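Copied over from Swiss-Prot, here are the features:
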BINDING   6-35  FAD binding site
ACT_SITE  HIS468  active site, proton acceptor
Amino acid sequence: MDTQSDYVVVGTGSAGAVVASRLSTDPATTVVALEAGPRDKNRFIGVPAAFSKLFRSEIDWDYLTEPQPELDGREIYWPRGKVLGGSSSMNAMMWVRGFASDYDEWAARAGPRWSYADVLGYFRRIENVTAAWHFVSGDDSGVTGPLHISRQRSPRSVTAAWLAAARECGFAAARPNSPRPEGFCETVVTQRRGARFSTADAYLKPAMRRKNLRVLTGATATRVVIDGDRAVGVEYQSDGQTRIVYARREVVLCAGAVNSPQLLMLSGIGDRDHLAEHDIDTVYHAPEVGCNLLDHLVTVLGFDVEKDSLFAAEKPGQLISYLLRRRGMLTSNVGEAYGFVRSRPELKLPDLELIFAPAPFYDEALVPPAGHGVVFGPILVAPQSRGQITLRSADPHAKPVIEPRYLSDLGGVDRAAMMAGLRICARIAQARPLRDLLGSIARPRNSTELDEATLELALATCSHTLYHPMGTCRMGSDEASVVDPQLRVRGVDGLRVADASVMPSTVRGHTHAPSVLIGEKAADLIRS
């Protein structure tokens, strides 16, 4: 049976859960939120160190890219959350806002209301930073928001050794989430008492007690219903039936950097020639839908270690420690430390993040490891390469074509930056605090020393996504942008996009924090 609501929100992830929650604070306003996946009842969701067990499960969209020529022709696995909380229910819980300059760059492209000075108040509104490390985070952080953020409870000693090795190599310590967090630090995490705390936990579940909010799970949006030049609802499929939920005011797409552009194109909003290839009538010619795809590529170097890695996280003692005290290895977010560095000294800002995981997180975590190990490597946080999302067919259940075009920039800047980052990692591996803890090279395979050939091999065979796609429904002040600075889709009234797809340029950080920010900002823009 079809239904009506003031607002229809598609997706309940990092941004969608926020939008649905905030819009429903007005008891006179009705909101329906559509989630393709189930409730977040999978037992591994709450256990921080277990997130890779959610890969290719029933709560994962389980995407693959097209073969990447610069990465040995491999198809790269892209997990995306298909569950209440979206990817915030299966990510590594790293709360890394990025640099103030990233948001000022957004403002240059989309107006002053997206500057760091403007969005800082939203971060404070979001965050509930535990008192135990508030002195570390400083006045920039929030302490009364709904999203719990804390220090790690039981980081591994080898993580401390990696940080010490970075310092010995001349890199400074940094305060996490400061306006310019250049340097190295232990990761702060979206956890509460040692368990994952997703946007479903922070925003959606408290709001679901409201009578004016309906959250429909197992409801896959198939297109936006458009009457003339106005969005009037969303068609979705549930239990094998096709239904429509009508929106009296607005439809808000929060389906993420893959699914939001796919939905726009399925609804007739996109490049007219591409839509015609799939016999989709053009509602509005928007050539940039699906373009400007940005992602953070990571290359991991793997090493055998004797002990103290998360390979032992499922041992009985660790299970008991977690169940009784919420301590031990199972509280680990895996990516326990990171640092921002420059591939070239003349750069104004870091273009690389180095990440450390005290775990044998090899082969995109799709193959069970054989023993103890650790990984670390560079992440390209300011890529020059741009990719694209396109339709594979007009079937809404067909996975879209994901073409990130990693390392494809004509000047070779991205490749040079990653190689520079790998050389820094090799230096850190050989520094005194760490070198005696590392055994044989586990990745890339069949390597015995960290020479240039090994680093080149790692770039080709050990690179994968850090799970941060963005930019495919670019926000901007220019007429070519997909959405305007108020997140309204150009050419169609009553339709907005609010998720990582609207980011007009990269963030030198992780996309969860700015996606939550976009959700908060979107709710204010809609209500104003």
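Every residue gets a Cβ built from N, Cα and C, even glycine.
Structure with Swiss-Prot features highlighted.
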residue: ASP6; record: FAD binding site; Cβ neighbours (10 Å): 17
residue: VAL10; record: FAD binding site; Cβ neighbours (10 Å): 29
residue: SER14; record: FAD binding site; Cβ neighbours (10 Å): 33
residue: VAL18; record: FAD binding site; Cβ neighbours (10 Å): 31
residue: ARG22; record: FAD binding site; Cβ neighbours (10 Å): 19
residue: ASP26; record: FAD binding site; Cβ neighbours (10 Å): 13
residue: THR30; record: FAD binding site; Cβ neighbours (10 Å): 22
residue: LEU34; record: FAD binding site; Cβ neighbours (10 Å): 26
residue: HIS468; record: active site, proton acceptor; Cβ neighbours (10 Å): 25
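THR30 (FAD binding site) falls outside any helix or strand according to DSSP and counts as coil. Across the fold, the C-alpha of LEU34 (FAD binding site) and the C-alpha of the residue listed as 'active site, proton acceptor' stand 22 Å from each other. Across the structure, THR30 (FAD binding site) and HIS468 (active site, proton acceptor) are spaced 32 Å apart at their Cα atoms. If you take the Cα of VAL18 (FAD binding site) and the Cα of HIS468 (active site, proton acceptor), they are about 19 angstrom apart, rounded to a whole number. Taking the Cα of the residue listed as 'active site, proton acceptor' as the reference point, the closest of the binding-site residues ASP6, SER14, ARG22 is SER14.
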